[in-house]
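Peer 1: There's a structure below that I have some questions on.
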Amino acid sequence: MQGENLTIWSFFFLEGFSRYPKLEIVLFVFSLGMYLITILGNSTLILITILDPRLQTPMYLFLGNLSFMDICYTSASIPTLLVNLLSSQKTIIFSGCAVQMYLSLAMGSTECVLLAVMAYDRYVAICNPLRYPIVMNRQVCVQMATVSWVTGCLTALLETSFALQIPLCGNLINHFTCEILAVLKLACTSSLLMDMTMLVVSVLLLPIPMLLICISYIFILATILRISSAEGRSKAFSTCGAHLTVVILYYGAALSMYLKPSSSSSEEVDKIISLLYGVLTPMLNPIIYSLRNKEVKDAMKKLLGKMSLHQTHEKL
């Protein structure tokens, strides 16, 4: 097929890891295992934050949103990857590509904003504990979560709509998903509007939230160091440690993908980073919060105990 407009392409070829056929089965097992753990871990975290009254707090409201985003983010691309790893025809239809691009951008952008919101929540909880119930009341938390979703979804809609209007000179995407940067490499001509949109959105969703997170943690660290008791310092560190670990993992992967010099020799490395960014981080989030948070561990034990008791009664 030939043409100057994207609408001519009814489908795209996803090159993925087809250059390494022997590696594909390994990647399939690896990706499937991590995807199942991601779905199970994040679903469990959402479930316990809903069922356990002790977790009806702002931090766990945001954490539930984060887990839901991780499920949506991985489900947007990993099932297609799994199918293509076992298939000789690695294709995706145009509408599927558009949806995949939008969902990946929307979930990733929303998470950038939400991580900054979660950092502010920790700042208020530790630096202004007496005012915390007033400042972070239920209505404010819902509004902050809503702003995160609206910001991420609208910026993703803007980027996706512009990207899909650019004429493409081919339909072979050198990636395992319809990642926007990989699709834009097929553009026949450069678009100043698209470049400016990507730049503005990248600045809004990467450096600015990172700056807000850093400022929050500077104040948090200063407050923690002023706590006299070792037990108090340990408790304060534990409430922030999980969030800070997730921030480092998420932004480390995102910055390595979007704010580094592009070169043809790094395309295979980009795919590996993108795979880790898309599967490893969402899988680790519930594990990190479970291992570093006593309340989550207690809630999980309580839920497992109820399930075990229910099964015992059914057998009797």
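Glycine residues also receive a Cβ, built from the backbone N, Cα and C atoms like all the rest.
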Peer 1: Taking 121-139, 140-158 as the choices, which stretch does TrEMBL tie to transmembrane segment?
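Peer 2: Feature transmembrane segment in TrEMBL: residues 140-158.
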Peer 1: For the transmembrane segment (271-291), which recorded stretch in the set 25-48, 60-86, 92-120, 199-224, 236-259 gives the largest number of Cβ pairs separated by under 8 Å?
Peer 2: 25-48
Peer 1: Which one, 25-48, 140-158, 199-224, has the most C-beta pairs under 8 Å toward the transmembrane segment (92-120)?
Peer 2: 140-158
Peer 1: I'd like to know the mean pLDDT over the domain 'G-protein coupled receptors family 1 profile' (41-289).
Peer 2: 85
